[in-house]
């Protein structure tokens, strides 16, 4: 059941995400600090009739970075062209995209930290001075061509801002840190989604579902669909608090939003390593998960909720983790 709490987009969810996606800042639930800042920056750019400064959106998966990029484009009334770091394999791929931009357009690059360095370097002059120099030919016949670009806004999204090179990071004039959502905001998102898909759910059920969604709208919407299925087959189609509890228990999602893998990580640390410290590589081998999967998918939420600490000597399970899983805690 761990995939239910996977932050990555799955299968036909891309269509659902588009259906649920707010169009403007006033429709966007949560991320109040980021919204307040962007509202000012966007309005200032519009009054000056200028392109918005380049924007870097960073934070864990599923928190609305792509949605925010589309909202910014709608607020500015401009076109958005979308690609991703892994999709832009060669400098020529990026040059072709940049050459198609119209004045004021937004270029959105998801997973920008995964862009090859040779491609990234093309962005430096494009972002700073709106031009690129491209090499034509090879050997003695090669020559450089200067290509001017219209003013545009680059929006980069990343889950790993620390992997961006300093020259690239320095060229973003605006940064937006997308944080895990508060319970009240996630509850509102669940109720909004239920309204759009005509799902009957009471407020307490929506709150319970929000509490167990790891602070992530994408997970909240995914869980809502599975609880809807449960309510239709086991109940009368109406999602109540009791139905929600039963469905999420069936899905191995506990009251703190921890799934089977989360609990396996903590139990392994407590039972085999006396709570730690234990190295990430050793932990990954013991739970049969890839190192990057543990570090990017599971650890951030466990740390944010206070179940896990990163130290110089390794990962350590906290007293809260012991209590939550029913283990006696001894402070050694």
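Note: Cβ is positioned from N, Cα and C throughout, glycine not excepted.
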Legend entry - Additional site residue, 212, 214, 218, 222 [criterion: listed by Swiss-Prot with 20, 21, 62, 65, 66, 67, 128, 129, 130, 171, 181 for ATP]: 218
Legend entry - Cα proximity to residue 181 (ATP binding site), best match among binding-site residues 291, 310, 312, 315: 310
Legend entry - Helix, strand and coil counts within the region 'Small ATPAse domain (RuvB-S)' (182-252) (DSSP): 51 helix, 2 strand, 18 coil
Inset, instruction - By DSSP assignment, list the helix, strand and coil residue numbers for the region 'Head domain (RuvB-H)' (255-332), in that order. - result: 43 helix, 9 strand, 26 coil
Inset, instruction - Take the C-alpha atoms of residue 291 (DNA binding site) and residue 66 (ATP binding site) and report the distance between them in angstrom, rounded. - result: 26
Inset, instruction - State which of the following binding-site residues has the fewest other Cβ atoms within 10 Å around its Cβ: 130, 181. - result: 130
